[in-house]
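Student: There's a structure below that I have some questions on.
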Amino acid sequence: MSSDRSADGDAEGTITRQRPIYTESQVIMTTVKVVIPFVLTYGLFITFHGTSSPGGGFQGGALIASVVLMIAFAFGIESTRAWLSNTLVVGLGTVGVAIFAAIALIPMALGGDFLEYTAYYPVLGDTLGLKEYEFVKYGMEAVEIGGIAFIVSGVLMGLFFALAAGFTPADLDVTGAASDAPTDEAVGDDASNAATDATGEVDAE
C-alpha cells in the first residue's frame, strides 16, 4: 500500500500531486467556439442601437466582456491572460472614462450644461452640416459606445482577472481540500500515537 502511494508521492508516502484548477473539456471548448460569435455580435448590436432600441452601452459592454470570460473558462485563465494584456483591459476603462468626460464637460466650456449636446451646435453645426437635434442623437451614441461600453467591458474583465489572479493550483490538494489541511502522514502519526498510548495503559493495568 505504501509503495503504491510512494509512486505518486514522496518517500514518506504522502500524496504530492495536486488537482489543476483548469480541466480541459472538448464539449465546453466546442460550445464556446460556436456561441462566441453570436454573443459578440449581439453585444455590438445592442451597443450601437441602444439609443433607438432596447439595450445600450452597459448591456453591450457586459456581453462583450462575457465573451472574454467564456474564453477563459473554456481554454484556461492563464492562456487567456497571455494574449489579453492588462494594458488593454485597463486601457478600455481609461479610454471610456476619457471619452465620457470629454463629451460631458466640453459643453460646459462652451457655455452649456453638463452633457448638454446642443451646446455643440453653434460651434460645429455649420462645419459638420448637422441639425441641432442630430447633435443630441450622435452625442448620446458617442457616450453609449465610446464611453459606457468601454468602461463596463474594461471593468468587468479587470475584476475577473483580478479575482482569478489570487487563486493558484497550489491552493488545492488532490482531494480539492485546502492546502493547510492535515496530511495523510500527520493523520497516520496521530493514529499511531493514540494506539501506543492505549497499549501502554493496558500494560500498566
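Backbone N, Cα and C define each Cβ position, glycine as well.
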Student: Please identify the range among 6-30, 181-205 that TrEMBL labels region 'Disordered'.
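Tutor: It is 181-205 that TrEMBL annotates as region 'Disordered'.
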Student: Counting CB pairs under 8 Å, which listed stretch among 27-46, 89-110, 145-167 touches the transmembrane segment (58-77) the most?
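Tutor: Selected stretch: 27-46, with the most Cβ pairs under 8 Å.
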Student: So which residues does the transmembrane segment (27-46) touch in its own chain, when a touch means Cβ under 8 Å and the partner is 6 or more beyond its ends?
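Tutor: Apart from its flanks, the transmembrane segment (27-46) reaches 53-56, 59-64, 66-67, 70-71, 73-75.
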